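Asker: Got a structure for you, written out below as C-alpha cells; questions coming shortly.
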C-alpha cells in the first residue's frame with residue numbers, strides 16, 4: 001500500500017532569531033517567528049507525513065498553546081512524527097520539497113538540508129529532494145516578509 005501526503009507552511013521573519021530551515025542553521029540577519037524554532041521546511045514535511053497516515057497536522061500533535069513546545073527543536077518534532085509513521089508500518093518512498101523565499105539564497109544550503117532530512121526520515125539522500133524558488137518579488141515572500149514551504153511525501157507499506 002502507498003499513501004501520499006501534502007504539506008504547506010509559512011513563517012514570517014523576526015529580528016533576534018536564528019534562521020533554521022531543513023534542520024540547518026542559515027546565516028541571515030533575521031530568523032523566522034514561531035512557537036518552536038520555526039523551521040518552516042521540517043514543519044511542512046511533518047504535516048505531509050501526518051496527512052499521509054491520516055493523523056491530522058502538526059498543530060494537533062504539537063499545539064502552539066502548549067508551553068512544552070516553546071522554542072522546540074523542529075527536528076525532534078519531525079522525529080516524533082516519523083515514529084508514528086513507522087508505528088503504522090510505513091517507510092519513505094520519497095519526499096519532494098520546495099522552499100519559497102526571495103532571500104536568503106538557499107542553494108548553498110540544500111545539500112546539508114537533504115542530508116539532515118534523510119537522517120531524520122531514516123532514508124537515503126536520493127529519497128529526499130529539496131529545491132528553492134522565489135516569487136519574483138511578488139507577495140509576502142517576494143517582499144522579504146517571510147518564507148513559505150511545501151512538500152509532497154510518498155509512504156510505502
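Note that Cβ sites are derived from N, Cα and C of the backbone, with glycine treated the same way.
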Asker: Which candidate from 43, 61 does Swiss-Prot annotate alongside 9, 11 at the divalent metal cation binding site?
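Answerer: Looking through 43, 61, the residue Swiss-Prot assigns to the divalent metal cation site is 43.
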Asker: Count the Cβ atoms, other than its own, that fall within 10 Å of the Cβ of residue 104 (4-CDP-2-C-methyl-D-erythritol 2-phosphate binding site), considering every protein chain shown.
Answerer: 18
Asker: So around the divalent metal cation site, 9, 11, 43 aside, which residues have their CB within 8 A of the centroid of those CB atoms?
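Answerer: Here the non-site neighbours turn out to be 10, 32, 34, 38, 39, 40, 41, 44, 149.
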Asker: 9, 66: which of these binding-site residues has the sparsest Cβ neighbourhood within 10 Å?
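Answerer: The binding-site residues 9, 66 were compared, and 66 has the fewest Cβ atoms within 10 Å.
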Asker: Hey, of the recorded positions listed (11, 35, 43), which one tops the CB count within 10 A?
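Answerer: Output for this query is 43.
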